[in-house]
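K.L.:
Submitted below is the structure of interest, expressed as structure tokens.
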Amino acid sequence: MAAQTSAKSLLHLSSSSSSSSCPCFGTSKQSNLMKLRKTQVGFEPRGLIQHTKPIKVETLSLSYKSGIREVVEERKKRWEVKCTAEGIERGVLMGRRGREEAVATAKVLVPERFKVVALMACVMCLCNADRVVMSVAVVPLATKFGWSNSFLGIVQSSFLWGYIFSSVVGGALIDKYGAKRVLATGVALWSLATLLTPWAANHSTTSLLAIRAFFGLAEGVALPAMSITLSRWFPSHERASAVGISMAGFHLGNVAGLLITPIMLSSIGITGPFILFASLGLIWLSTWTQVTNDPQESQFISKSELRLIQAGKNDSLVSNGKFPPIRLLFSKLPTWAIILANITNNWGYFVLLSWMPVYFKTVFNVNLKQAAWFSAVPWGTMALSGYVAGATSDYLIKAGINLTLVRKIMQSIGFIGPGVSLLCLNFVNTPVQASVLITIALSLSSFSQAGFLLNIQDIAPQCAGLLHGISNSFGTLAAILSTIGTGYFVQWLGSFQAFLTVTAGLYFMSTVFWNLFATGERVF
């Protein structure tokens with residue numbers, strides 16, 4: 001009788017609590033835990049020790065609560081084990097397909113466009129390092145062969161003779177055939193030219209000038225290829241940062257060339273740095289094969305990343321291979337704003353690139369290794385400031401600032417800053433002071449990357465390679481004149497400062513023209 005009384009009391013408690021439902025089990029908090037089974041003597045709770053005395057409500061409630069926690073934990077463990085077992089079984093049954101999906105998932109952890117910009121930064125670093133090697137090696141070569149300052153300027157500018165012709169042709173080829181193939185061909189050819197440079201220097205001056213012109217011919221495709229590739233692979237609000245990263249590699253190439261070359265010249269000889277950088281070009285080529293001209297053609301990109309890229313583009317950037325008439329390009333003032341900006345940027349850039357080691361040696365009488373260190377510091381900071389400029393530009397665009405205004409702000413900083421810094425060089429007395437001012441000049445000039453360089457894609461997305469090549473050709477002509485002109489100024493007037501003052505005036509004039517006629521709207 002005591003057992004029946006206890007069972008009845010349990011049934012009464014169970015039925016009375018069934019009105020309050022549990023969100024976890026859909027029924028009573030208590031009734032679901034107490035599964036009753038019928039026996040010969042009545043009812044007893046399954047899995048519980050049968051009591052001979054009535055159970056108090058307080059004690060029973062505690063038991064139910066404890067039981068809830070135990071049941072939840074038990075079911076959670078069973079569910080996790082089941083899911084894990086099913087996952088393992090599915091992977092085993094799928095075999096190769098399962099492993100391929102796992103690998104594909106792992107690859108998505110690093111977005112494909114980040115890999116593209118990393119490779120682009122590496123090749124831009126190599127591109128500029130190959131140029132700078134000659135800027136350092138020309139000092140012992142001039143001593144060996146007895147070159148004058150004016151002839152040294154001719155040797156320095158010979159790279160630009162080929163560069164000026166390949167910019168337009170290379171840009172058009174990129175628009176027609178894609179950046180991947182054209183850039184790979186350019187890297188292979190300029191690596192070969194780098195390798196042959198020491199032999200050409202020892203053979204004859206004519207051979208050296210010819211091989212350097214061929215080197216420039218091959219490198220002329222690098223910047224248009226970078227611009228087109230990044231415009232395909234990055235949405236508009238990330239493009240300035242991508243260009244900033246790639247150009248950071250470009251400027252770090254100056255640092256690598258200026259620091260490594262003197263060490264290798266003193267330890268190995270003239271051939272050492274040329275062999276090293278030529279070999280690095282061939283290594284890079286082996287990694288470029290997996291990159292495609294357009295993200296839609298890539299086998300490695302995820303669907304989500306592809307949607308992100310496509311959603312972030314205002315216009316279709318895929319060229320149809322048809323170009324607007326050259327007369328039409330030259331009839332628009334935004335085109336001339338880009339051309340003049342490129343002229344000014346290259347004028348100042350190549351003066352400092354080609355003559356900085358000679359400047360520190362001539363003006364402050366420092367040796368070659370010290371000159372290399374003083375020359376390398378500005379390029380290192382320029383790499384960082386270039387990324388800052390790109391990130392700032394992207395931030396302003398995301399914040400809703402008008403694109404034309406953003407381009408004008410970036411370009412104004414990129415020209416006014418260097419102009420003021422070069423004027424201040426007239427008043428320095430130590431190489432440290434000169435290095436600080438040149439560092440400021442080059443750091444601020446990197447803001448041009450988020451100005452005219454990106455503006456090419458803004459106004460002419462269908463023929464950006466061609467327009468980039470045209471503007472770059474004008475800029476290269478300016479670089480030739482400034483490189484040779486610096487040599488004659490130094491020889492005739494014995495002063496770098498006068499030429500730097502002329503360069504500062506050009507920066508200020510171009511700033512005014514840019515702010516009057518540049519636009520972020522599509523023109524072609």
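Numbers run from 1 along the shown chain.
The backbone N, Cα and C atoms fix where each Cβ goes, and this holds for glycine too.
No curator has checked TrEMBL annotations; they are predicted automatically.
Note that the structure is a prediction, hence the values are computed from the model and not measured.
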K.L.:
Which range is it, out of 127-150, 151-174, that shows up in TrEMBL as transmembrane segment?
P.N.:
151-174
K.L.:
For the transmembrane segment (240-260) and the transmembrane segment (151-174), does the number of C-beta pairs under 8 Å, pairs 6 or more apart in sequence, reach 3 or more?
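P.N.:
Judged by the Cβ rule, the two regions do not touch, with the required three close pairs absent.
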K.L.:
Averaging the per-residue pLDDT over the domain 'Major facilitator superfamily (MFS) profile' (116-522), what integer do you get?
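P.N.:
Mean per-residue confidence for the domain 'Major facilitator superfamily (MFS) profile' (116-522): 87 out of 100.
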K.L.:
Spell out yes or no: are there three or more C-beta pairs under 8 angstroms between the transmembrane segment (336-356) and the transmembrane segment (207-228), with each pair 6 or more apart in sequence?
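P.N.:
They do not touch: fewer than three Cβ pairs between the two stretches lie under 8 Å.
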